[in-house]
Amino acid sequence: MTSGTRMPTWRERENNKRRERRRRAIAAKIFTGLRMYGNYELPKHCDNNEVLKALCNEAGWIVEPDGTTYRKGCSRPVERMEIGGGSATASPCSSYQPSPCASYNPSPGSSNFMSPASSSFANLTSGDGQSLIPWLKHLSTTSSSSASSSSRLPNYLYIPGGSISAPVTPPLSSPTARTPRMNTDWQQLNNSFFVSSTPPSPTRQIIPDSEWFSGIQLAQSVPASPTFSLVSQNPFGFKEEAASAAGGGGGSRMWTPGQSGTCSPAIPPGADQTADVPMSEAVAPPEFAFGSNTNGLVKAWEGERIHEESGSDDLELTLGNSSTR
């Protein structure tokens, strides 16, 4: 069984076995009746083929040792029946008749279509190779001359100089029979069309032509996004510097959507009403403000400074016994 066929299911296999058992049972009963009531001279312990031969001899048929069967009074057929082709030599006494005609229509002409671009048409054209008038004239003459050979086909189905049968393998001299070669001249390709025809990839961005951006002017104020407005221009500076930057005019935003942090300064909240409140403008107690000198730096709470109070010599390694601590 080839790999392209479908495997039968379990139920289908069971049905096939059941039908085969029934056929064998019927055939066994038929041959049993022929053996019992046929009065044939059969050899001892013979198979069913001998019973079938005796039945054919009684009915007027001759069965050769190789299985060739034909009627009495007729000569043995010269050629045996071809199972695949379905054709055999015609015999007046044979039990089978050959097919009167083939199942396909023979091609009246060649299987190649004539076109003005073909090499065989070069001698039919005139001096002007671009003109189609000589080709149309030759097409009409070809169709009229071959109409008699295709009388079995309707006029609207006939293809002049062609075939409606299966395609024929081209000869070795034909360009279509050769292996197609890959074009290695990559310099002649149009890169702009090659890039635009490629589907976009998450890991590769297509850079369009520079002419697309020739007439585009980037605005100074761009709609704010959370990634730009979370970090101020001077995140660890004083409040006065942020206020002076806001009063001096609106800041310009860099066109770097992939960057964040201090590389892309944010618009102060005074210039952009939709922006989030920066860290320096947030309302917080003065003792927790970073860099403020009013109350000093934030002191550590109890238990934070562990390594500063005890030296390395005072530490003692124990096994967890409370009495040795």
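Quick reminder: no glycine exception, Cβ is built from N, Cα and C everywhere.
As written in Swiss-Prot, here are the features:
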| type | residues | note |
| --- | --- | --- |
| MOD_RES | Thr169 | phosphothreonine |
| REGION | 1-21 | region 'Disordered' |
| REGION | 6-89 | region 'Required for DNA-binding' |
| REGION | 304-325 | region 'Disordered' |
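Nonlocal intrachain contacts for the region 'Disordered' (1-21), taken as residues 6+ away from its ends with a CB within less than 8 angstroms of a stretch CB, are lacking entirely. Residues of the region 'Required for DNA-binding' (6-89) grouped by DSSP class, helix first, strand second and coil last, total 40 helix, 6 strand, 38 coil.
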